[in-house]
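What Swiss-Prot records for this protein:
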- 60, 62, 75, 78: Zn(2+) 1 binding site (BINDING)
- 450, 452, 454: Mg(2+) binding site (BINDING)
- 819, 893, 900, 903: Zn(2+) 2 binding site (BINDING)
């Protein structure tokens, strides 16, 4: 076998007849498969052992030679070679066709490659190939046109008119083959290039297409006549198996039926030709043979598909490759693996961050070979066979061995759907009883797991390298930050939040207030014995906590705090300030001075002068974790998280929060608020009946009134709530629920959406405490159903979006340290109207500067060029009043097939500079796709006159942007830079005209009457600026402005959608995707290069082609940038393997074969497909020479040996 890891590239071409013969081990002459009595393959049939190899290892068909010692001998009795049965997966046969047959991919594809080569229409080709018309091949001296079609009658008439042999006309694939042989590629190409100089319109488009195909044949060395088959390869029998079912019947692959039809028809044709049968019968048989081969290659592409039993269309060779169940996606990109298991998950609150609980019986099965090796090593058993029996019997001694084996051997846990890289993490296994996997509660957020019956899969990394990578790169304790935004992903939730919230509450006048303790232990003792309450404010000696970063003025004093906060601060990392207040100042700058007693001061006096602090909420805990990570990195953070979790669980149990109906408060003035709203609605309806407002206005006014009523109730609820109310505590701490849930319980449910998405005017006035009436209940079912269907649709849509994103960016890898570009991107805060969607500070963090940044007033250099901007530096730049900064960006990176470290910046998942080899494309795709399910599905209907457009938001808008579609509610943009001089309204056409005066001339733009204007007379506008509200069409913007403007616009638009839904995503991820959409240019004028006009090519390839021409003093080619949607960009990738495994498999392969494309295996998918280690991370060439050394050399028993011995 070829060593996959030594592959440099992979090429696909058309196979010549001689090539097909060289593959073949013999001709399949009979349609038989296996003998019904002996069940042995028939000679010269589709499963023949002589052609394809033996069905049993090292055994010929007749049984004369058995055993491996006869390896390579060809049996003199049956003619079968003694070898492994595995060769039946690789040996091919062939069928000699008695008449040429056209290949349906090349004749039927769009555009038809045969048609373009011959300059004939697909319809004409079809008539010839399927024997409906003759085609003139050589008119000789007659006035007939070459390639003209003649019907049967016309052909006879012409023969009589000009005499037999005066011209050559044929039908069928044979005629096409003759025509293809006559094509003079060089002459045709020269002629077309000449024609292009003057052609325009449709004629030019057709010439460019033909030139493309002919040039492909010319350059690849493929001959056009190979598109017609004279010999048909037969794929190996094990790839179209026939298996016996329990009832003695056989199940066979559809391909066998399709091959059988071809062989039957071919043999019948051979017999007819021998008998010199009448032409019409032969013709009919040839047509049937053509149809049989068509069905074998792509059943159903032309006419009705051939069906099997139950009128089910048979699966042809093309179907074996296509779609989710095809070869590419089912077997090459995703494989089933051994050493894996799956079970329901349960919570493991006692586990450490890096541990998971694995049921004993699962672990013994997963680690079986390792356990068996240890049994033999310890001499509990003499050989592997005995060891295997010992494990299967469940001998007592195996459990101790299992404990040893799993120590330090990480396992991988995966939860489907794996939306981002945190969907697979490594843990150290801990053996547990029971049958469920135990999962650490803090990693649930990364997996999006809960314990209502979710299942997870477990995998065992086997090799030393795999174990090392799992431990160093994938251990759950290492994954503190989310790759999408660099924020902690392991924030505590629910009980943990609630426990810490309860612990850090403060209360005035509780027992023990004003007591002073010498240290933590004394305070805890007082609390345990009932002398002090958890929430009572007490004093503690600062010197009992010497490791905290106190100011000098604070040492040796007494500090006012609560018993709960003493416990809370006890689990904090030592160098973190003592936390009294849930704010950033306390966290970063230290404990405020007001909590410290001056000598001789009365503690009660200080306590009375202090405000009651709010407890620590979920958000505050997140900030503490982020700060801890920033200062101490992963090890300390994960240990701290475990302490935080334990403390939270312990105290949420102690708090004993319960919820009863009495905990839902009653709002005293609810009736008044609702009566006022009813009164206002009545007035609005009255005004409408009098004709003072339109129906749209009335609808908006009514819905607004009810919305305001609901808000008034909500406001009243917040004002009157008791902070110790359990529901309020849950809501306020961020443990569960929000104000909207609370107001539905205690206020009113409010307005509901109708099935059509429009909001109904009748609100639900009741709340859940009072209970809903039957009608109200009925109304609310619409919303509930819509919620369910939306979620289901959204999940599928979001998953497909992620798949397309991954596909377009999977080959973007950090390939070098610095690309040395001199370009940069000028960034400022992203705004939407007056609202800031993303601040400059957020955009600067973790990026490199392109130019030095100076203080706008003093001129002092804040940071030099090409320096990394840290979080603190970003704050400093913004505080200095800088509004825009030029940074290194993925958009301007000059690295080929990837990005350099400096243009990318920091890796958000680690907080450090990104490493060479990081697969940033895939991470970007996951970061954008994973929150896709959180985005809404709706297209908002803004009822009312305000706008006549539907503003697309949420997931549909993201798809619109990435697919570069024309947006709904498109804005009119100006092509002129200048001033708006006039806006005139034309009532007759219901439009407005906007006039922009530029330096070179006046621009006139027609705008719909109802569109909302963004500009006024006198405004200065730049090229590409929007005159009306709405989304700009990016392709139009590209025509008016440059690539960078389009990239910046798309980046801002994506961020607006995500930020409006409260989802934060790092700019760099969007940059990676947008850059992939703009990586191609279209050649306009080839100049002196040998490029073809109209060709799509990578910018780097285009630059290379021009470089040589410019050096030699020729005219360089000109091009225009092209914006492609992600689906099209994926299909236009340089890798045909990646494109074929994505979509439109047959089209991609047809095209690649004609061009003789070479895949240089630069991306991830291509390497996964051929089974090579991916060129990212540790698989990158620069890291491949490192030899891992095990601490103690250990051998792992091969499974095949075990099964061989067991037999």
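Using N, Cα and C of the backbone, Cβ positions are placed for all residues, glycine too.
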Secondary structure of residue 62 (Zn(2+) 1 binding site) (DSSP, helix/strand/coil): coil
Listed binding-site residues (60, 62, 78), ranked by Cβ neighbours within 10 Å, top entry: 60
Binding-site residues compared (75, 819, 893, 903) - highest count of Cβ atoms within 10 Å: 903
Using Cα positions only, nearest of the binding-site residues to residue 60 (Zn(2+) 1 binding site) (450, 454, 893, 900, 903): 454
Rounded Cα-Cα span from residue 62 (Zn(2+) 1 binding site) to residue 900 (Zn(2+) 2 binding site), Å: 63
Rounded distance in angstrom between the Cα atoms of residue 893 (Zn(2+) 2 binding site) and residue 62 (Zn(2+) 1 binding site): 66
Residue 454 (Mg(2+) binding site): tally of other CB atoms within 10 A of its CB: 17
Separation of alpha carbons, residue 78 (Zn(2+) 1 binding site) and residue 454 (Mg(2+) binding site) (Å): 57
Cα-nearest neighbour of residue 819 (Zn(2+) 2 binding site) within the listed binding-site residues, 62, 450, 452: 450
Residues within 8 Å of the 450, 452, 454 Cβ centre (excluding the Mg(2+) site residues themselves): 345, 449, 451, 453
Cα proximity to residue 450 (Mg(2+) binding site), best match among binding-site residues 62, 75, 78, 903: 903
Same chain, 6+ residues apart, C-beta under 8 Å of the C-beta of residue 452 (Mg(2+) binding site), given in sequence order: none
Neighbour tally for residue 900 (Zn(2+) 2 binding site), based on other Cβ positions within 10 Å of its Cβ: 22
Cα separation, residue 903 (Zn(2+) 2 binding site) to residue 75 (Zn(2+) 1 binding site) (Å, whole number): 66
Residue 450 (Mg(2+) binding site): tally of other CB atoms within 10 A of its CB: 11
